Structures are given as structure tokens and as C-alpha cells.
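Asker: Let me begin by handing over the structure; questions about it come next.
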Amino acid sequence: MANRKRDAGREALEKKGWWRSHRWLVLRRLCQFFVLGMFLSGPWFGVWILHGNYSSSLLFDTVPLTDPLMTLQSLASGHLPATVALTGAVIITVLYALAGKRLFCSWVCPLNPITDLANWLRRRFDLNQSATIPRHIRYVLLVVILVGSALTGTLIWEWINPVSLMGRSLVMGFGSGALLILALFLFDLLVVEHGWCGHICPVGALYGVLGSKGVITVAATDRQKCNRCMDCFHVCPEPHVLRAPVLDEQSPVQVTSRDCMTCGRCVDVCSEDVFTITTRWSSGAKS
């Protein structure tokens, strides 16, 4: 029998203990705050580890790291980025293409804790009503951004990019940008379940495409143990990616959809240990 959304993870907590039912969540938060700390260590303490923001930065003033979407906008607008920016984009593209799926979204993005909080509150207070918008709208928005950059000759997304805006706000203070971040929080809380990360964000859409054939993946390796409690579906920001691996015995046990954020919450909340985080070659996934 399916559990209520507000009770998602309770069985796992009782059966596996706190650490094993929150392990991947804790590790993700540590990773997110570690990356954020590398950005903040310079302006706050004078120790520059990551110099810049989430769109473009230098690691130890040496290794460039550039958001691929910003680079694509620059190319589309007719402006060839500097060699250091192109190098940074290649590094990030190769890194996430090899690692897999949307690891940036769940392990690095500073907005993820905010949207996670909104959706935890949604479950906690039984806010089950949700507007319906197509998940592919993020890919449409991605194309619109690139076409818009080509037509205007500007990096149009960077004017409102909430990911880089969040990083800048933490360094320079929350001004009007706080209103956009608050709007995203309320959108996820009151309008569309997993609305930003699961439906709209073009940054996540691009990382999903880049990492679609990467190494790291989630697999329902012991799906025969599934008791249909639905806790994994309740907490997953992209629950449609779990249907085939969990419910269709003819499908590969691996989550092969590029929409998967590899956040590990399905692993945490499953009281039967159906899921593992593994490599794409270990369970016979379709390529």
C-alpha cells in the first residue's frame, strides 16, 4: 500500500536508522556548501579558492571553469569567448559528460537546497494540488535562450539566471534578486510540485543532455523487493524516471533517463534497499 507523501522516508528511518535514510542527502548538502564555501572564502576571509561565480570562475586563479550555457549564448550571439572561457567550458562539459546526468543540479547548484525545502514543506503540510506544465518546456526554453542570444547579440539568460544570481547575492548581499529567488521558492511550494528543477530550469536541461551517457547512475538493482510504498516517487524531483526501472520488469534496472538528478533520495528513503548508485555498465542498462 502506498504511503502518504508526508510520511515518505519514515519506514526507512525506522528500519535503517537516521544515517542510512539520510546519507545521500547529507553528502549532497556538504558538497553544495563546500563549493559555496570555496566561492565565499575569498570575499569573506581573503582566501581565494574559487574566484568568480557559478557562471565563470577560476580555481586557485589557474583552472578556468565556465558554464556551458553561458558559452553557448556567447557563441550564438556572435561573440567568440576568450580562450580561457572556452577552456573552462570544455573542462566542465567533459567532467559532467563523463560523470553523468544532472549531477550539477543536485550536488553543486546553490538553488537546490531552496527548492528541496519548498518541496519538503509541500509534503509536510499536504499541499498536494499542483498545476500541470509539460516537463519538456525546459528544452523549449533552452532553445529560446540560444535563439534570443543570436537575435539580440547578448547573453539574455545571464540577466536573470537565478543560479549565478544566488551565488552573487550571497557575496554582495540580497537586493532585488532576492525577490526572484523567493518567487522560485513560492512557485515550487504553492504552484507546481518540483516546478523549477523538474520542469523549467534550462541549465539543468543542458546538463541532462551533456551527462546522458555518463558513468554514474541510479539503479533499482533489487526491484523484486519493492513493496509499492511509493516513497521514492514522493521524494524524487523527476518521478517519471523511476517508472520503468521500478515497475516494468522488462526494462533495465538502471535509471537511463537524462532527467535523473542522481540525488540519491530514492536510495535514502527506500526501506527495502531497492536502489543503489552505481555505474551504467554494472547492471546491463540499455545504451
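Residue 1 is the first one shown; counting continues down the chain.
Yeah, the Cβs are placed from backbone N, Cα and C, and that goes for glycine too.
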Asker: Can ASP7 and SER169 be said to be on one side of the membrane, going by the domain names in Swiss-Prot?
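Answerer: Each on a different face of the membrane, per the record.
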Asker: Between the binding-site residues CYS229, CYS232, CYS236, which lies closest to CYS263 ([4Fe-4S] cluster 2 binding site), Cα to Cα?
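Answerer: Result: the closest of the binding-site residues to CYS263 ([4Fe-4S] cluster 2 binding site) is CYS236.
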Asker: Could you check which of the binding-site residues (CYS260, CYS266, CYS270) sits closest to CYS226 ([4Fe-4S] cluster 1 binding site), going Cα to Cα?
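Answerer: For CYS226 ([4Fe-4S] cluster 1 binding site), the closest Cα among CYS260, CYS266, CYS270 is found at CYS270.
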Asker: Which residues of the same chain, at least 6 past either end of the topological domain 'Cytoplasmic' (101-139), have a Cβ under 8 Å from a Cβ in it?
Answerer: 4-6, 8, 28-29, 31-32, 35-36, 54, 162-163, 166-167, 170, 181, 184-186, 188-205, 207-208, 211-212, 214, 216-217, 234-235, 237-238, 240, 258-264
Asker: Which one is it: of the binding-site residues CYS229, CYS232, CYS266, which Cβ has the fewest other Cβ atoms within 10 Å in this structure?
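Answerer: Counting other Cβ atoms within 10 Å of each of the binding-site residues CYS229, CYS232, CYS266, the minimum falls on CYS229.
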